[in-house]
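Before any comments, here is the structure.
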């Protein structure tokens, strides 16, 4: 059941699969005869330096993978100097995760604006008091996507002769699923009111998670927040663009976004080469969610192993491209197809 919860995507999961495939459509353009004594993969994201440009994305359900939950993600992130962007739907509490930090470790906190906005405001203030240094407001889930893998599981595990069907409610079991466990979110925000509300609470760095077109990335830049290109892991709108497609849109229509904002991406990242492609296309930080939940099954050692694999893959890709540091990467190092 845990795997099905983590794996579930919207509808037939075409978008979830496309997230992964779309990175493969980008090809490298290596430069040769470039002397390299060492490779430095460190970077800065939302004003904080980290040892690597990839991070543990906010993803709920950690205790489904391991009874100790997300605190193990935090400890492994501390060991390797990478970011843990904590999910507000984590199985461990905000304070438990804060208490698991290593010396000088920086954590960021992801939020949904719930219908009880006062409760969300308390959550943000408590995160600040607990030492979290940045926030991401997820905005692409004002309505839950239809997750058919969840629905099939619900039918398969239902009791009685009804096979999960309910004559009293024609819509029962037709949307959402067991991979969704949060309360209703606040759906009345627009750009002005959302940013104003957040800025009345904190001046810490803010990312808007769920950007899926260049126009909204440009609005992030205009409002002084950072665009997080994401389609919710392919779990919301079937047919939504991958982060690659949105990166290419921004290059075409509003490249200033890359100079004035920290662009973050996630979705379909499975290898260090995917990370390097995203960096070459202008991303500052690259998130992985499911990958680290799968690694969490093996405890802290499993997460550390996953981090080390990705570090080595990023370093290897950079060496073979002929670059010594993240800031040397550029669109000239990749070949972008004219159309997906």
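Keep in mind that glycine also has a Cβ here, set from the backbone N, Cα and C atoms.
Summarising the annotation, TrEMBL assigns domain 'FMN hydroxy acid dehydrogenase' to 1-339.
Residues or ranges marked as FMN binding site in TrEMBL: 58, 59, 60, 110, 138, 209, 230, 289, 290.
Residues annotated as glyoxylate binding site in TrEMBL: 112, 147, 232, 235. A sphere of 10 angstroms centred on the C-beta of residue 232 (glyoxylate binding site) encloses 22 other C-beta atoms.
Residues annotated as active site, proton acceptor in TrEMBL: 232.
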Message = With the FMN site defined by the record as 58, 59, 60, 110, 138, 209, 230, 289, 290, how many Å span the farthest pair of C-alpha atoms?
response = 17
Query = Here are some binding-site residues: 235, 290. Which one has the most Cβ atoms within 10 Å of its Cβ?
reply = 235
Note = Counting other C-beta atoms within 10 angstroms, the emptiest spot among the binding-site residues 138, 230 is 138
Task = Check the Cα-Cα distances from residue 138 (FMN binding site) to the binding-site residues 112, 232, 235 and tell me which is shortest.
result = 112
Query = For residue 58 (FMN binding site) and residue 232 (glyoxylate binding site), what Cα-Cα distance in Å is obtained after rounding to a whole number?
reply = 10
